[in-house]
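K.L.:
So that we are looking at the same thing, I have put the structure below in structure tokens.
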Amino acid sequence: MEFGAVFRSLTFPQIFNFNKKPAEEEEEEEDEDLSDSEDSVFSGLEDSGSDSEDEEEEGSNDKEDGDDEGLKTGPEESEQVEFYVCVSRVFRVQLFSDVVVPVQDIRNTVGNIPMEWYRDFPHIGYDLDGKKIYKPIRNKDELDEFLDKMENPDYWRTVHDKQTGSDIVLSDEQVELVNRLQRGQFGDVNFNEYQPQVEFFSGDLMVHPVSNRPADKRSFIPSLIEKEKVSKLVHAIKMGWIKPRRQDDDSRGRYYDLWTNEDSSILAKHRMHLPAPKIPLPGHHESYNPPPEYLFTDEERALWEQQDLSDRKFPFVPQRFSSLRQVPAFPRFIHERFERCLDLYLCPRQRKMRVNVNPEDLIPKLPKPKDLQPFPTTQSLVYRGHSGLVRSISVSPSGQWLASGSDDGSVRFWEVRSSRCMKTVQVGGAVRSVAWNPNPSVCLLAVALDSVVLILSPSLADRQVVSSSERLLSGQQEEEPAEGVGPVTWSEGEGEELNQGIRLKIQHPKAVHQVAWHAKGDYLASVMPDHSSHLQVFIHQVSRRRSQNPFRKNKGLVQCVSFHPVRPYFFVATQRSVRIYNLVKQEMTKKLQANSKWISSMAVHPGGDHVVCGSYDCRLSWFDLDLSTKPYKMLRHHKKAVRGVAYHRLYPLFASASDDGSVIVCHGTVYNDLLQNPLIVPVKVLRGHVITHDLGVLDVTFHPTQPWIFSSGSDATIRLFT
């Protein structure tokens, strides 16, 4: 019997009932208990007759006979194989090379739903019998997957079926089918995509029509629907709702010049349209007969050829021709036009609002320097005597004496007006800082070297001042130092030290870099920069010989400190900021951001409301404490690191010293009106120091009463500018 007849005679349950077994297997399995009978499997689908069952048995007999004879290659058998291939792909029936044997149908019947819904269940779906399809036990981890990939030769053709949770090994035919589909070929090998087309309508004129169907009645009767539409349109035209199209007037002309007026083009009507930049007009160098000065010499031509394309002044070499007929075609014409097109649509253009401003109006109206006198202008005296770097200088409150400390291990006292060295004290180490006591009733000098702070009494005053200094140093001598401060020890000078004027020695745990006095002259602050320790700042009371560490923890590396001239405030400058502490309330009141990399020096205005800071990145920051915590003005006048800054006590002057060997004096007027900003005007640049070992001016200070300024440098000299 033909295969097509068998297929047409079978009903749906008989074709797809893969659970049905042959008669021999049924006889063997009669003793086994079955959960469901055949009638219960396809209930409601038992509409097949006995004739079809007989035909199916005959068809099965024919197939068995065919198996005995071997594989057939006729067209009927090829259609049969193709049918089973389709059935095997759709309904998961195993396809063998010579026999098609239906297997148990474990097809998942859940439909087209996300399989993640069954993630928390032990089963993965249901088969045709309504039974659960349990997930296979998959104990593979990444290591087992890797070993399987290395050892299993069929790993590359194994795919995972999400609906059944099992791994399926593709056969050679299936792999070949996948490869053909990936290459864009047809799945069937025998399909010919180039077979001749059967033309239904030929080019020959036929006597009889293809369809001799009579015409419909509606083809020659007027349509009522169209009549209703036309009546609506006529009514709309009468009411003026629909206006007829205007005929274009050809007299206007359809053509226009796009480049006559660019502003009238469609693009110019756009709100943000930016017209393209014009090409510069040709000059004399582009002439075919340019003047001689535009022609290149041999040196200029060689230089032009060595330059980069973007650095050349002209994109071509000017040439001279006797007549215009001899001028050849420009070889880079197309390339140049192409670059012009690229510039037009690739280069971004930005609209700039031009404001007609007089350049002189942008310069601030500053007073002339001659109207801001007095200020130091010329070098008057040079104090020579040190053999090393003079790192620090200080002027006595009376303005008569000048003290200086140097790397040669000496502290010298100079008379200001005569530049004569009155006294030299050898301290046995490089002096980092000297500070004269600001109290005019005493005559004391603090010297910082290594880890010791010395209190010197130079005896360069009258007897009353010297005696008051001695009383300050020995007033509370019998009292013991305060408890709780172990790192600092106080001791008195002995023997030769007393003869030189060294009265007290304050021993510190680290090297001291700076000392600063309080305005009343009884308290002294010392700075020891060290990241690893919280003991960076100490405050000493000379009259009671007590020392205390005001900070439990230092935030950053302390560079310098200073007392407020009037209020109980304490300024601490770290690398990037200045912190202001209230000594009475024992709390931080303000933090100033210097906007510089490394602060080197600091000075407080005599009024106490302004601070100036110098930094190693050549910046000078002026802070207005009532205005903001950020600099009111940044001055970048120096070319190298700023080493020292200073305010004048009486005059509106401040100065900065730098490694470039210069001292810049500025006029800084501070007004009592809080609404008026300070007036800062640079007035003079003082030079005279010689730069030695890349170091210039190391310290600067003003005379207490006169508009004079002292500077010390790396050339072992001190200079007075008046």
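The backbone N, Cα and C atoms fix where each Cβ goes, and this holds for glycine too.
TrEMBL entries are annotated by machine, without manual review.
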K.L.:
Look up region 'Disordered' in TrEMBL and report which of 356-378, 471-493 it refers to.
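P.N.:
Here TrEMBL associates region 'Disordered' with the stretch 471-493.
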K.L.:
Excluding the flanking five residues on each side, which residues at least 6 beyond the ends of the repeat 'WD' (690-722) place their CB within less than 8 Å of a CB in that stretch?
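P.N.:
Result: 374-384, 386-399, 402, 404, 406, 408, 414, 416, 419, 640, 643-651, 653, 655-663, 665.
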K.L.:
Of the residues in the repeat 'WD' (690-722), how many are helix, strand and coil by DSSP?
P.N.:
0 helix, 18 strand, 15 coil
